[in-house]
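Have a look at the structure below before the remarks.
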Amino acid sequence: MCSYGCLQTIAAAIVIGVTLHVGSHLACDFPRLVNSSEDEYKKYLNGVFGDSTPSYGDLVKGIEGVTGILMVVYMAIAFIIATKWFRRNLINLPKPFNRLTGFNAFWYSHHLFVIVYVLLIIHGVNLYLVRKWIHQTTWMYLAIPILLYAGERTLRFFRSGFCTVRIIKVAIYPGNVLTLQMSKPPQFRYKSGQYMFVQCPAVSPFEWHPFSITSAPGDDYLSVHIRQLGDWTSELKRVFSEACEPPLAGLSGLLRADETTKKSLPKLRIDGPYGAPAQDYAKYDVLLLVGLGIGATPFISILKDLLYNVVKMENQA
């Protein structure tokens, strides 16, 4: 999974590329075309922008200009909402603009790339000096990433359908940590340190979020520990809190729910597992596990697996 620093670098590269591309058109190409003589225009670009040399406004109002402006606007919206102040709800906007902050707004705004890709294809259809479609390379550059993205989404759709799970146990610990224990599908094979994607249709039918698997491969169940940090995790905790029942007298004061709970538990869908660097812990003789807060969740599975292996070796001895 790409780190946040990697994503920031990619976003900065996109901003630089867009600035250079748009700037070269507005500051160089358009003025040269507008100020060209009739003979030069007819020789090189006759019929592309009409019979006579176009004005600056004609170029901006054309298909290329309109699609270019819309792409810049949509990418600017996604870029601004992805910044720390909007994504982490650090800005208090009045209603109804408060919906523009939070992780949900960040997640949905990034799907504007679908519209941007469509506009990019239209933007490159009427290339100035190329007429044959086979020489128009825009579709070539877009074909591979679109196929990869569509394939990944299709694979997740089928994998989540096969990996149906039922909730076995729910617990809410101090510190706003939600623990979900679920059944493990027979075909689900993983290593300690790996993660999986989780979707809760009761919260959002579209959003998938990655969480470290905290159960060990030897357990007969799957578990994740989720801390309330954003709007999606807050809503997930609220949904499961409503299904939990007050603790009985003499028992722990933690909110809990299991298969015997009278209230129906929300459904979950999973996709995975996916590899992570921590899964290679078994290759080393000495381990130093360093985690802070909820970031220690991969180590829960690793410590469990180490304990299972120690007990297994003792039994064999």
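Placed from the backbone N, Cα and C atoms, the Cβ positions cover glycine too.
Database features (TrEMBL):
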TRANSMEM  65-86  transmembrane segment
TRANSMEM  107-127  transmembrane segment
TRANSMEM  133-150  transmembrane segment
DOMAIN    160-280  domain 'FAD-binding FR-type'
TRANSMEM  286-303  transmembrane segment
Original post:
For the domain 'FAD-binding FR-type' (160-280), what are the DSSP-based totals of helix, strand and coil residues?
Top reply: 20 helix, 42 strand, 59 coil
Original post:
Can you name the far-off residues of the same chain, 6+ from the ends of the transmembrane segment (107-127), with a Cβ under 8 Å from a Cβ of it?
Top reply: 48, 63-64, 67-68, 70-71, 74-75, 77-78, 81-82, 136-139, 142, 146, 207, 232
Original post:
Taking the domain 'FAD-binding FR-type' (160-280) alone, what is its mean pLDDT?
Top reply: 81
Subject >> Surrounding residues of the transmembrane segment (286-303) on its own chain - C-beta under 8 Å, 6+ positions past either end >> reply: 177, 192-193, 195, 211-217, 224-227, 229, 276, 278
